[in-house]
Ligand SMILES: O=C(O)CCC(=O)C(=O)O
């Protein structure tokens, strides 16, 4: 048996915090089961089409609000017109716990009420280019959970898609929170290490990433 070397919690930049191994295996399994159900509908998981004709290599399904470039709507008019699945309360609670553990700010965590999640599935070839999460009207932190294959996660700066940036590895069970001065950092996933997932998560291959956000929108 290989000994696991503990990876310490790290503040990558002010407000950008990496907590390795934050999700228990059981919680990862529950999330995989929930994501599998959301991937089937009411709005099925899809490769998002970009306005200039490109298609993202990552597959995405949303809950709470549907994201399409570059807005949030309740109904997925670019997929099948259906309303996306509701954002469950247990996910709000998970987001609050993530924020508390990342920042240690009890009030900030209690006030955090994410209302959308983008659930991305990466096969071994999928990548995500450097971008900012800026379609939300709220500047509340983004909570990111990873399950399955390990990836390289690139954390850049708020000004440009290019250097300076820091590459870290996000492995199964890792939590990454970016808020405060890092809320609008460019970030992306240049590489997924195929075949590194622990099948005990329920995900035999690939990588799942869930980002919870606060849209700041009302119906
Ligand atoms: O997959 C990841 O770790 C990041 C996902 C992301 O940046 C996004 O959904 O905007």
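Note: Cβ is positioned from N, Cα and C throughout, glycine not excepted.
Caution: TrEMBL annotation is automatic and unverified by curators.
Listed in TrEMBL for this protein:
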- 131, 133, 187: Fe cation binding site (BINDING)
- 113-216: domain 'Fe2OG dioxygenase' (DOMAIN)
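Annotated features taken from TrEMBL, shown on the structure.
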residue: 131; record: Fe cation binding site; Cβ within 10 Å: 12
residue: 133; record: Fe cation binding site; Cβ within 10 Å: 17
residue: 187; record: Fe cation binding site; Cβ within 10 Å: 24
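For the domain 'Fe2OG dioxygenase' (113-216), the DSSP-based tally of helix, strand and coil residues reads 6 helix, 45 strand, 53 coil. Taking the mean position of the Cβ atoms of 131, 133, 187 as the Fe cation site, the remaining residues of that chain whose Cβ falls within 8 Å of it are 130, 132, 134, 185, 186, 188. Taking the domain 'Fe2OG dioxygenase' (113-216) as a whole, pLDDT averages 98 in the prediction.
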